[in-house]
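Trainee: Let me give you the structure first, and then I'll get to my questions.
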Amino acid sequence: MAATYRPAASLTHLQQNGQPVTAVSFDPVSDILWAGFNTGNVVALYTPRGMRGVGFPVGGDLAVKKIIASDQYVRAVGLASKGVGQWGKGGRNQWYCGSIATPTTFSNNSPNSNVVAVSTTSPELLELNSLTGQVIRKSPMVSIINHLQYTHSCLLAGSSDGTLRVLDDRSNNRTESSVKTHQSGIQGMQYNGNNFVYTIGWSLRQGRPFSDPLVKVYDIRTMRPLPPIAFSDGPAFINILPKRSSSLVITSNQGLVNIVDVLNPNSGSEFYQLDIASYISSVSVSPTGLYMAFGDADGAIHLMTAGGEDDPGMFWVCMVFIYVPDNLSIGFVPTFNGFEGQPIDWVDTSESLPHIEWTDSTPLNTIGLPYYDRPLLSSWTSQFISNNLYYPPSAKIPQHVLNTMKMNDNVAYAALPKELKGRRNMVFSGRRNDYGRFRSGKQADNALIVSQPEPNTPIFDSSEIPRLYRKVEIEYSKFGVEDFDFGFYNKTDFSGLETHILNSYTNSMLQVMHYILPIRRLSMSHTTTNCPREHCLLCELGFVVRMLEVAQGTNCQASNFCKTVGVLAQSKNAIDIIDYGREPTEVDYAHMIQSFHRFLLDHLSLEGNTFPHNPHIFVSFDKGDYNAPAAAPITQLLGIDAKNVITCTNCHAIRDKENMTHIVDLLYPRKPSANEPMPASDFASILRNSLLRQMTHKATCQTCKQFATFSSRRSISTSDLPLVLAINASAYNDENLGFWLDNRNQTFLTPQVEIQGQIEGEDDPDIAIYKLRAFVVQITSKEKRPHLVAVVRVPEAEERADLQSPWFVFNDFVVRDVSQEEALSFPGKWKVPAVLYLERIDKNRPSLDFSQLPDEIDLSILSRDTSISVNRDKNLIKHKCLRYEELPKLGTLVAIDAEFVQMQQEETEYRSDGTKKVLRPARLSLARVSVLRGDGPMEGVPFIDDHIHTSEDIVDYLTEFSGVKYGDLDPDTSRYTLTPLKLVYKKLRLLVDRGCIFIGHGLSKDFRIINIFVPPEQVIDTVDLYFLRGRQRRLSLKFLSWFVLHENIQIDTHDSIEDARSTLMLYKAYQGFEEQNIFDQKLEELYKAGRQYASVIQFNSILQNLTLPYLELETSST
């Protein structure tokens, strides 16, 4: 093929000391070549003769990395730049975006808006306003981006990890598709405008990067790779050849240039070898393709041109007369683009200043003012000026609104006065129902409340789904979640679980586990052992089921269990069972809970395994069985110890393989062919076939050495079937779900199931009878995301005649008794089965024996001083552990106070009328707990004063209210007694189980966050003792201590020992007032004093700044 380009005169001596030319870019409208050097400066070179023009620094002392020249500006970035800037053609900076992480590259302008994309080392992607340089949006990226280019429909990003990503700039730069182009990074990327993108990069050879000899080609519509282009010399730069968009200019560091037609690579290529003494460091092609520029490491720019000396139309005729300073003399000059273009902006030459004889009497106006022939930077363009900047002026906010204004972060809000209603924008938030949602909003007329069958709770509207099964959400008043009336939704003796916690989708599984009595017993027993694991699901399950057992219908929350699920799932990379708190409607919770079911049982078996010291939980008449090692207790209870019999159909060789599993995954019969009999489709048959699991597969037989078909089946006798059968329904499609749907008033599920084992292919004559105990279903709606519901046959309700049936529906905190027919019915596709549990009830079942299991927590943990802090200061130890004779008994008085830190900020939305709605409350975690002796010779002396170690990130230490500072909960830096949360929980659980009476202030919230249920008869709350019925205000601990005890507490911060001791003294004072029959009088005096001090202030925030203790609305623990 004939050569198109010929060498032109090189541009040398552009920089002193021969600094490398690290970036070049042709100006599209002027006869300028912009060159960036290793010193961090950009210089304009006028005409192909390289006359030096304006120059400017891009920031930093390192090389200029990229230059883009446009009609009106030049953008550039350097390796050490603190931002990205834009300059005019005369060198004046137009804007500079700094105060960001080190930028790595930037893109061309978006074709759809005035936006330019910038990537940083954070790594993140910034979108800037191309007119002002202001950051519009930030998006986190998975790796550092080295190349960016906007197309007509998307943003292409080449990353340092070798991945090419297609980003949707309309949806927060979400990755639409990606492909791994090179193993060790992308070195260059070009888009030709016809949906093709070209990349060069680095590959790995023996663990070291080397230049990939292929130019990769991809179709961005499908990210499908096309045939690559070979370049054996190692491509270092690629450029699209203008006006020949299918042609690509490939350049190596050694100066070999190849121009190839990508669509027809076999038609012949052009090869050129540059005459260089070093290596090529930058390449650019002019917008018309007339010139190519190659910068080298010696500071020279080598030019190649497509115009010939005898071609007047292409080269020599396209001359322009330009203004040249007096000290230069040139004639006709060729142009880079082949046309005249815009005039060149030369560097202004400063006139010499006139000489002024300066004396004491010289007038200042002699100097004069400068004359400006162009707008100053302070002269804004019309694009920056609002049309309504001055008129009409904004309406003034009335003074009485300003007086009631409150601040939350940087947002000011106030309630809208009555006289302004209807005159400003307001969003109608819907009618509020005061019946049954919040306890503080209940009206006195109980009959009216009873007349409301259901609260107006946000539920999805579907005529097919019964109200009981619909999704319910907790709403939050200004008093927090404690004000929500859970009792309105649950009038039974069986507790529900709250939903405002991440991973609370496991509530249904917890209810099922709680009502499997053997599992309840095993998990509660495990909590009494000295478990060494900080995060143990079996321990947390034991704590939850114990709480549900004693709560007797009071709502509970499984926050510690849910937190442990998240921690363990992250550590095992089981991200499919983590709930991130988002609201997508396509979440398949049925699949999610079945994955969690398997994850849970595996962990329960592992965490409860103390082999070879596992206790035997079944009665055995053979004494030798008790001496043999036993499996983990959960495995003994749920394990299916079967034998897989595998037979080669070719040589009939048989081999056995032991198999142990905890869960049966249901296998549904396929549709038979025309000549096959209809398979059994009842629940018992499907369960038995899934248990025996007869299957075929192909493999090479080790006996006959042939590739043959193998048949496999499980062999398990009826006597070996487990006491509890755990099942995953696996109804993942409509065909499988069809087996479950009611047919002709017949339900697929039955209360009892008979299962027959199989030994060596023969049916076992014995039959095992299982009773359906509980199952989990997914409730599916088209409008809202699905949720999970547990349907349980409650053991404690089986003998009660006052109930409709022993079947209960646990829809999180909604608990309702239902008939057996409704419980087992699957009337439509909105009810999808997920997990089932069956208990064996036939006379041949093994008998349980829990005599070897521990059932009490070791009392000595209250007498042991335990701390994991390596730098504990003995002078800060304020507690003395209990002596043996002080160990708690029934009725022992203890005073308690706890402090908390914030693990997650509150999520709220502010309405236009000034009100706010809590979407998700702040998540708090126990940081310190102090328990004091309530009587005896050491009354008031703490025996527990533990700071709580947490492995999670803490958002806010709440030091003003908790007294906890950064580092106090870190084992390496804490000077206090630092204890794992589980050990502290055991101590408190032991005090509750021993019947201690807890004295404190605002204990309901404390116990809720600690996640422990204390029976009301074991709680003495001073916030309730010193409270007048009929009054809305409750008294703070600070005010009570000042008025009753004449002590000032909480002066600088809160201290849990001080607060607990104050509550104990308040209780003692209450007893003294009662003995003198003056308590009612004291209470009236107390409220009178509270009104006196509360009448001079309007806001709690102002009260907190007074040195005088005050009366406040009790919303916190102290």
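Glycine is no exception: its Cβ is also placed from the backbone N, Cα and C atoms.
Just so you know, TrEMBL annotations never went through curation; they're auto-generated.
For reference, TrEMBL lists these features for the protein:
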- 495-841: domain 'USP' (DOMAIN)
- ASP897, GLU899, ASP1006, ASP1059: divalent metal cation binding site (BINDING)
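Walk me through the surroundings of each of these features.
Mentor: Across the domain 'USP' (495-841), mean pLDDT in this model comes to 88.
Within 10 Å of the C-beta atom of ASP1059 (divalent metal cation binding site) sit 27 other C-beta atoms, taking all shown protein chains into account.
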Trainee: Name the residues of the same chain, 6+ apart in sequence, whose Cβ is under 8 Å from the Cβ of GLU899 (divalent metal cation binding site)?
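Mentor: In sequence order, ALA927, ARG928, VAL929, LEU958, PHE961, SER962, GLY963, VAL964, HIS1054, SER1056 meet the Cβ cut-off.
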Trainee: These are the binding-site residues: ASP897, ASP1006. Which one scores highest on other Cβ atoms within 10 Å?
Mentor: ASP897
